[in-house]
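Colleague: The structure follows.
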Amino acid sequence: MMVRKKDDIQPEDFSQKQVEADTKSSTWCEKYKTKHRWIRIEKFPDGIDPPQKVRIYRQNDYFRLQFWDPAAKKNLTERVDGDLVTAIFRAREIEERLKHFRSSGLGRGKLKHQSLLDLYQSHLQRRADAGEIAPKTVRRYASALEHYHTFIQQPLITTAYPSITNVNRDLVLQFQTYLKNLQVSSNGHPNTQKQTMSSADYVLDVVRGMYIWAADPDRGNLMPSGFRNPFQGKVRQSASVAPDLFGEPDITILMVVDFLKKCDSYQLHLFVLLIFYGLRASEPCFLFRENLTSDGWLKVICLPQISYTTKGRRDKRLPLLEPIRAILEGGSENTETGLLIRRRAVFEGSEQPPLLDQSLEQLTKEYSRRCQKTANLTAEQGMQIRDQLLHDAGGIKYDHIENEFHRLAGQLSWPAKATLKDFRHLFSTAMMNAGMPEYYRKYLMGHAVSKAAITNYTHLDQLRERYLEASQRQFQPIIAAVTKRKAELKSAAEASVRSTFPEMDQAPGSTRLRAG
């Protein structure tokens, strides 16, 4: 408890009123109490009105201003070097800001780095819950910020930069050096061989965004009004080299032909969309049989009713080649509802999920019912409910596609640099070599066509013709390989059925065989 000491105060001395502890002073306190004690100034020279919302204290050879900041929701203190006139002038400036803006402009005072990280990640989570960003974005940012957290926990850094307002250009350079020398495992597993981190620029961009948010008075409002963000601006890396775009992609047309020759019935219908249309590996996981139209289109669209949006939140439709359409429509006995791509066990009939063949409308109702059971549903919980719902409907995840790809790539002894994403590289390269206009190519890739005003006046009304023409020019070997492989698999399936049921040969035409 603090009490005022009045015995030694002279009425005419306006700087001697003081506050001291109500406990017996120790030797240390006797030595340093004069230096560290705050002396409240309540009497001012004649003709000077004292501040109403700001208290002025003398401490040692400088002054301190203390006040309640509604924006920060706490008492803040500012040090003022100079005489009493300087302190009064600064106090009046703060009072004006408190009166008109309900903020002193000092942010949150000496906020610690950990507090900044917690506040920023909490803000990101609220944005995800509001639907502004995806929960996966929150996790990616948290992973990048973990490197910054590890860096600032170093004793030398903590001592030199105790609060976020102390950051400067030297801290940025030290952080860049830290990231440059950082060794991480490629998949996050502790037993994986470590290598130099390749995403240092991304980590810097995330930290830069955090400080921009903190300094924005309309968002974080954590920094003083005169704070200059040392992370601001794109940092040019002298060691960075622009990639050489010359040469073939890591997966070529001939490699795809060999790849298709190894595919079984399930793998064939799993990979044709990635090969012929350059889909992102996660997009087939959210395709329904209702997305197949009667006039030969496949719609790849956002499904906000089950908390799914494509990357960039862009819908598109793909003109199906006849062999691809036959493979997709033959992937299930029920050609009207249910997920288009399913797990291998479901495709082969050895697993019967509880929501198999449920339509998108039925799954949407079930999703809403499951969400209603959770109070204060967050975006992360909604995504978990959605993933479990699709699993119960027989759906796949990215890992399923990745595992099937690596199984075939291993049989073909493909190099490690040939990845699932290289199907997109091959598709884009092939469409460009075939002369497809850039607007059409960007549309099929799911990219923003352009920000120019002319985009609003340009309609892609020849998409099917352009794609068919480009496919005939570039994908003929792949189309032939798909057609041949489908026929081989169908013949093998028919032979297997006839060997199991020889009586079927005696009734030709009475049974229709289906080969995935």
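The count begins at 1 with the first shown residue.
Backbone N, Cα and C atoms are what each Cβ position is placed from, and that goes for glycine too.
Please treat TrEMBL annotations as automatic predictions, because they have not gone through curation.
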Colleague: In TrEMBL, which of 1-20, 21-40, 181-200, 361-380 is tagged region 'Disordered'?
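Modeller: When 1-20, 21-40, 181-200, 361-380 are checked in TrEMBL, region 'Disordered' belongs to 1-20.
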Colleague: Out of 301-324, 325-348, 493-516, which range is noted as region 'Disordered' by TrEMBL?
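Modeller: Based on what TrEMBL states, region 'Disordered' spans 493-516.
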Colleague: For the domain 'Core-binding (CB)' (114-215), what does DSSP give as the number of helix, strand and coil residues?
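Modeller: Reading the DSSP string over the domain 'Core-binding (CB)' (114-215) gives 72 helix, 6 strand, 24 coil.
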Colleague: Summarise the model's confidence over the domain 'Core-binding (CB)' (114-215) as a mean pLDDT value.
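Modeller: Averaged over the domain 'Core-binding (CB)' (114-215), the predicted model reaches a pLDDT of 91.
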